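According to TrEMBL:
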TRANSMEM  20-39  transmembrane segment
TRANSMEM  51-74  transmembrane segment
TRANSMEM  94-111  transmembrane segment
TRANSMEM  118-136  transmembrane segment
TRANSMEM  179-196  transmembrane segment
TRANSMEM  208-225  transmembrane segment
TRANSMEM  237-255  transmembrane segment
Amino acid sequence: MDNGVQPLDPVAIQLGNISVKWYGVIIASAVVIALLLALSEANKRKMDKEIIVDLLIWAIPISIISARIYYVIFEWDFYKNNLGEIVKIWHGGIAIYGALIGAVLTAVIFSRIKKISFWQLADVIAPSLIIAQAIGRWGNFMNQEAHGAETTRTFLENLHLPEFIINQMYIDGAYYQPTFLYESLWNVIGFIILLVIRRTKIRRGELFLSYVIWYSFGRFFIEGMRTDSLMWGDFRVSQVLSVLLIILSIGIIVYRRLKMNPPYYMEDKYGKVAKEIKS
C-alpha cells in the first residue's frame, strides 16, 4: 500500500482453498464468551442453564437472518435489481440492530414457550450481549470496515493508539476514524456499568433496558461519524432507531415501576432479596 503501510491479513487460517477469516474467528469467540458469561449469570440467578443454551441455538440463526433482512430493507434500491445477492450474506451486509431485533423477538417467544419471565431472561443475557458487541467490532477492524470519516495520521497518533490500529485505519490511500474502536470501548464501559448496577436494587427487566439505553445512546453519536450508514431518506436509520429505543426503554421502566411493581433483579422466588444487593 502507499507509504509502505500494510494492513493486517484478514485471513486467520488458510487450509488449501478454504480461508478462515479473522472476522469469523472473532465473532465466534464473542459468542463463546457471551455464552459462558450468560451461563455463569444464570447459575447465580438459579436459572436452568439449559435454557440459555437452547435460546442460543435458536437466537443465533434467527439473528443472522434478521440482521440480513434489516440490511436488505434499507439497501433495497440495490437489491431489487440484484435479487440473487440477497442470500449471499458472505458478500457482506448485516446490521447489528437487525440482529438485536431478531434476538429479542426470539427471546420473547422462547420465554413464553418455556413459561419463564422474559425480563428475567433478558437481564441474565444483557451483560453478555454488550461484551459480545464490544468483541465483535474487532471483526470489523480486521475487515477495515465500519469506520468513520477521513482523518489524518497525526490525529490518530494524538489519540495514542497502537501502531497496528493506526496502520489498519489506512485504507485506499487515506486514514479514517476508528469508529469500531469507539463503539468497542463504549460497550466495554457499558459492560462494567451493568455488572455494577446489577448488584443494586434495580427491578427485574431494568438491567436489560439499561443496556438498551446505554448502547443506543453511544450508537447515536458514533453512527454520526460513520460513512457507511443505512439511510432512511435524509436520516441515518441507526440514529432514528437509537432515539426510539431510548425513549421506549425509559418509558417501560417508568410504567413498570408505577403500575406493575416488578420484583428486584436479585430477588428470589420466595420474595427475599438476595444477599448480594447492597443496602
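Residue positions begin at 1 at the first shown residue.
Each Cβ is built from the backbone N, Cα and C atoms, and glycine gets one as well.
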So if I exclude everything within five residues of the ends of the transmembrane segment (118-136), which remaining residues of that chain have a CB under 8 angstroms from its CBs? That is, six or more out. 26-27, 29-31, 33-35, 37-38, 41-42, 45, 47, 51-52, 55, 96, 100, 103-104, 107-108, 110-112, 183-185, 187-188, 190-191, 194-195, 198, 204-208, 210-211, 214-215, 262, 265
Long-range neighbours of the transmembrane segment (208-225), counting only residues six or more past its ends (CB under 8 A): 119, 122-123, 125-127, 129-130, 133, 148-149, 177, 179, 182-183, 186-187, 190, 193-194, 197, 202, 236, 238-239, 241-243, 245-246, 249-250, 252-253
Six or more residues out from either end of the transmembrane segment (179-196), which same-chain residues have a Cβ under 8 Å from its Cβ atoms? 126-127, 130-131, 133-135, 137-138, 140-141, 146-148, 161, 165, 207, 210-211, 214-215, 218-219, 222, 225-226
